[in-house]
Amino acid sequence: MLDKEVLVIGAGLAGSEAAWQLANSGVPVKLVEMRPIKSTPAHHTSEFGELVCSNSFGALSPDRAAGLLQKELRFFKSLIVQTADKFAVPAGGALAVDRSKFSYALTEQLSNHPLVEIKRFEQLDIPSEENITILATGPLTADDLSYKIQDFTGIDDCHFFDAASPIIYGDSIDQEIVFKASRYDKGDPAYLNCPMDENKYIHFRNELIEGEQANLKDFEKESANFFEACLPIEEIARRGVDTMRYGPLKSIGLWNPKWGDLFDRENRLKKRPHAVVQLRKEDLEGKLLNMVGFQTNLKWSEQKRIFRMIPGLEKAEFVRFGVMHRNTFLESPKLLLPTLQFMKRENLFAAGQITGTEGYAAAAAGGLLAGINASLLAKGKKPVSFPDESMIGSLMNFISNKNQILSNQKKNKFQPMPASFGLVPELTKRIKDKRLRYKAYQERSTEALNDFKNKLDSCFDKDHLLSKIY
């Protein structure tokens, strides 16, 4: 006999992951997605898990917070991360994907699962209390549902502004000017690099600052606050002459062999560019390239004019221009438990960026936890929290304020949080060396999750997702 059906609203990264976890545990799922009936300011397709900003999931190495989070998700057979691994493109030490193949594969896998029923319509309200429901509508939740969520929580939503970088055709780049390299020669030479001298950099910065901005809606103009990890490039430029050079345009660790001996200090200081614009592959063939760190709210005509001032991009043809959009998130510390259940309704979950986690892997982590817990609830069992020692657990603890990390004052100023070693509990023994400390965090996480997985397996039948994938 099948368990009671669970409703998942939103087929982004979190919703797709949640639906997969539920279905693989034997729980039927109704997955509701409003696209293509209604789109958003940032989406371009109707595929599930469309990546609207970067195509990167962050650092691969588990001695980085993003890498440890990915490792934990692989351990629990995350649909999102396993699919990302399958459609990865070269990106140095990061996990980046061919976004078209990635989202198409997610859609196909979920569409072909016998326990997943897909419905394409706009969900206008929160379903009745009879339904186990996961809200995974993301930062671009449609207005009608957003208002219903505000009515339910009694709290106005929070928001910030996010932006996406332009994508250009690889064959429109001047290959005589750009060079292939990864920073510090880490991994394959995954990036194309556009070097700039000081004069060109100064001129480029001035044009960025003076460039005409796209119009914001009236309600957006009232509070155009940005998320620091995804600032528009023109906003970074305004912060100081050298701010871009120590951010997305830094030249440190990048070297073109044509410039001569890297280890000749005099030559290195003479030849090293003042700044470098990096281009990252969007697909394996390199036909499409993303301008790394070039999120922007410039008008499209201004993007074409100004970005063609970059050496090597004088004749660049744009597949997609950068855009800025308003992202909504819940004031989660006042609303959610570490299980991702709403405090005031145990069979209603929230997952993904709407909860205030930042980053693709973090969204998948929320979907994974919400899916597991909705499955447990459907089976009449008690939802679980991930171990504090894990990156998944630490993120969920932060957004739910489990360990009182946020003071009452800061709870009123809750802002999205990416994976960070600053969230995990301190080690019992202080380790000064950062690399060794991060390695210890990783080892502690692995041990805690092994114990947690064994206990979780006992809650499910032998065919549960943790032991046998559909």
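We count from 1, first residue shown onward.
Glycine too: its Cβ is placed from the backbone N, Cα and C atoms.
Annotated features in Swiss-Prot:
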type: BINDING; residues: GLY10, ALA11, GLY12, LEU13, ALA14, GLY15; note: FAD binding site
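Using a 10 Å Cβ-Cβ cutoff, GLY15 (FAD binding site) registers 31 neighbours. Other C-beta atoms found within 10 angstroms of the C-beta of LEU13 (FAD binding site) number 34, with every protein chain shown included. On its own chain, GLY10 (FAD binding site) has VAL32, GLU33, LEU135, ALA136, THR137, GLY138, THR141, GLY352 as residues at least 6 apart in sequence with a Cβ closer than 8 Å to its own Cβ. Summary of the FAD site environment: with the site residues GLY10, ALA11, GLY12, LEU13, ALA14, GLY15 set aside, the chain residues having Cβ atoms within 8 Å of the Cβ mean position are VAL8, SER16, GLU17, ALA18, PHE48, GLY49, ALA136, THR137, GLY138, ALA351, GLY352, ALA363, GLY367. GLY15 (FAD binding site) carries a helical DSSP state (H, G or I).
Comparing the binding-site residues ALA11, ALA14 on other C-beta atoms within 10 angstroms of each C-beta gives the minimum for ALA11. Residues near GLY12 (FAD binding site) in space but far in sequence (CB under 8 A, at least 6 apart, same chain), listed by position: PHE48, GLY49, GLU50, ALA136, THR137, GLY138, GLY352, GLN353, ALA363.
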